[in-house]
Amino acid sequence: MEGEKNMEKGLLLAKKEETANTTPLLIFSTFIIVSASFTFGAAIGYTADTMSSIMSDLDLSLAQFSLFGSLSTFGGMIGAIFSAKAAAAFGHKMTLWVADLFCITGWLAIALAKNIIWLDMGRFLVGIGVGLISYVVPVYIAEITPKHVRGAFTFSNQLLQNCGVAVVYYFGNFLSWRTLAIIGSIPCWIQVIGLFFIPESPRWLAKKGRDKECEDVLQKLRGRRYDIVPEACEIKISVEASKQNSNINIRSLFKKRYAHQLTIGIGLMLLQQLCGTAGISSYGSTLFKLAGFPARIGMMVLSLIVVPKSLMGLILVDRWGRRPLLMTSAFGLCLSCITLAVAFGVKDVPGIGKITPIFCFIGILSFTMMFAIGMGALPWIIMSEIFPMDIKVLAGSLVTIANWFTGWIANYGFNFMLVWSPSGTFIISAIICGATIVFTWCLVPETRRLTLEEIQLSFVNV
């Protein structure tokens with residue numbers, strides 16, 4: 001508690017800071033960090049348009065392909081277990097180098113696979129890599145950016161993910177699944193080189209007692225003429241507060257003082273994975289074919305709209321705020337799922353079933369758009385902001401594991417849910433999207449234009 005009082009005192013004493021510059025180093029560092037997010041997106045969308053060709057080339061059953069598709073999320077869960085601890089112990093840059101190694105090895109194994117074993121092993125390795133990436137990227141960006149652009153810069157993680165999704169959606173119509181795997185690895189090579197030229201997170205340096213390096217990095221990120229003293233003071237006070245609570249263990253996370261943050265973090269991750277994205281992102285082509293809509297046209301259109309809609313989210317996140325954008329996104333997803341439920345529900349009804357292809361196209365298109373502007377990125381942005389430094393490692397790991405474990409179950413089970421009832425599947429998704437609106441309204445705070453230290457102070461004062 002003494003550390004929290006010192007933190008509050010320091011924030012009150014610190015002078016009001018001027019608006020920090022968006023420096024070339026800040027932009028370059030963000031670009032290098034989010035370049036691996038392209039691989040994340042490529043992994044998500046890879047199975048959407050390659051299902052029939054992979055099953056045909058390697059003679060796979062539906063169950064075998066469902067396992068292959070879900071192995072990236074299972075591997076992501078394994079990577080998530082170590083992501084926060086690795087970042088805390090070795091730094092964000094070293095953790096990303098390791099993630100790149102897993103991703104490159106995995107994509108090459110998929111590209112060269114001659115049987116199901118190599119195919120599954122490659123998918124699993126890519127999963128471990130993106131599991132590491134999923135935590136480190138948003139946290140690093142949140143820690144290096146000034147508060148007035150933190151949301152937009154962190155949202156660029158989702159933008160690059162959607163670029164990866166768009167590329168595999170588009171080129172999946174023309175290129176072989178082996179070539180797509182090679183394309184998925186290219187950004188990792190860019191990041192491997194680029195990491196040599198960007199700084200470590202100033203907050204990580206401060207936590208390791210490297211205060212001089214912390215101040216130097218902060219000055220470079222904010223610009224030579226910017227007064228970093230108030231921000232450096234806040235970081236140091238926050239680090240000291242976290243050291244006084246350094247005996248945090250997994251049981252400590254479930255104390256009342258952390259209950260609000262943990263509920264928000266885990267809740268948003270579960271809702272994100274259960275809203276229907278696991279199926280629509282990974283098996284969009286299958287849904288189009290099931291509805292009788294030309295899959296090639298559908299995937300082409302999706303590839304063209306997903307990136308512009310992510311740009312809209314990037315623009316709005318620091319203007320509207322997290323809460324309004326998240327609720328708007330969830331409302332749009334709910335309507336999209338209802339549209340899909342109606343489309344498949346009337347498929348076999350004489351005289352009405354002819355609307356199924358167009359309703360399916362509208363539903364998938366609107367779902368992809370609404371997910372891209374909010375629900376895809378905001379749970380990760382909020383996760384990177386709400387946890388104090390003393391529990392960030394454990395809480396970040398737990399939240400990321402929850403996301404990947406739920407994604408694994410949702411991804412593996414989606415094809416079987418479609419066999420059970422396509423309409424029922426999307427009714428369930430619509431209910432979950434509706435629950436997301438209520439959850440956000442009741443529990444999720446607005447963090448726009450607050451420093452990470454100010455956000456922690458707001459939870460202390462609740």
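Using N, Cα and C of the backbone, Cβ positions are placed for all residues, glycine too.
Where the annotation comes from TrEMBL, it is an automatic prediction and has not been curated.
What TrEMBL lists as transmembrane segment is 25-48 (among others).
TrEMBL lists 29-448 with the feature domain 'Major facilitator superfamily (MFS) profile'. Note on the domain 'Major facilitator superfamily (MFS) profile' (29-448): its mean pLDDT in the predicted model is 87.
Per TrEMBL, the feature transmembrane segment maps to 60-84 (among others).
Among the features that TrEMBL reports, transmembrane segment is placed at 96-118 (among others). Among residues of the same chain six or more beyond the transmembrane segment (96-118), those with a C-beta under 8 A of the stretch's C-beta atoms are 33, 36, 39, 58, 60, 64, 68, 79, 86, 124-130, 132-133, 136-137, 177-179, 181-182, 184-185, 188-189, 191-192, 195.
Tertiary proximity for the transmembrane segment (124-141) is limited to same-chain residues at least six positions away from its ends with a CB under 8 Å from its CB atoms, namely 30, 33-34, 36-37, 39-40, 43, 71-84, 86-87, 92, 95-96, 98-103, 105-107, 109-110, 150, 153-154, 156-157, 184, 188, 201, 380-381, 383-384, 392, 396-397, 400, 403-404. Sequence annotations record features per position, and here TrEMBL assigns transmembrane segment to 124-141 (among others).
Only residues 6 or more beyond the boundaries of the transmembrane segment (177-198), in the same chain, are considered here, and those with a CB under 8 A from a CB of the stretch are 25, 28-29, 31-33, 35-39, 42-43, 46, 50, 53-54, 57, 93, 96-97, 100, 103-104, 107-108, 110-113, 122, 126, 129, 160, 164, 167-168, 171. Residues annotated as transmembrane segment in TrEMBL: 177-198 (among others).
Residues 44-45, 47-48, 51, 69, 73, 165, 253-254, 330, 333, 337, 364, 367-368, 371, 375-376, 378-379, 382-383, 386-387, 395, 398-400, 402-403, 406-407, 410-411, 414-415, 417-418, 425-426, 429, 432-433, 435-436, 439, 443-445 of the same chain sit 6 or more residues outside the transmembrane segment (262-283) yet have a Cβ under 8 Å from a Cβ within it. Per TrEMBL, the feature transmembrane segment maps to 262-283 (among others).
Beyond the ends of the transmembrane segment (295-317), by six or more residues, the same chain brings 48-49, 151-152, 154-156, 158-159, 162-163, 165-167, 169-170, 172-173, 284-285, 288-289, 325, 329, 361, 364-365, 368-369, 372-374, 376-378, 381, 448 to within a C-beta distance below 8 angstroms of the stretch. According to TrEMBL, the feature transmembrane segment maps to 295-317 (among others).
Annotated transmembrane segment per TrEMBL: 324-344 (among others), in sequence order.
Tertiary neighbourhood of the transmembrane segment (356-381): same-chain residues 134, 138, 142, 151, 154-155, 157-158, 161-162, 268-269, 271-272, 275-277, 280-281, 284, 287-288, 290-293, 298, 301-302, 305-306, 309-310, 312-313, 316-317, 322, 325-326, 328-330, 332-333, 335-337, 339-340, 342-344, 346-347, 403, 426, 436, selected by CB-CB distance under 8 Å and a gap of 6+ residues from either end. Look at TrEMBL and you will find 356-381 (among others) tagged as transmembrane segment.
The feature transmembrane segment is assigned by TrEMBL to 393-414 (among others).
Below 8 angstroms of C-beta separation, residues 260, 263-264, 267-268, 271, 274-276, 322-323, 326-327, 330-331, 333-334, 337-338, 340-341, 344, 363, 375, 382 of the same chain, each at least six residues beyond the ends of the transmembrane segment (426-444), sit close to that stretch. TrEMBL lists 426-444 (among others) with the feature transmembrane segment.
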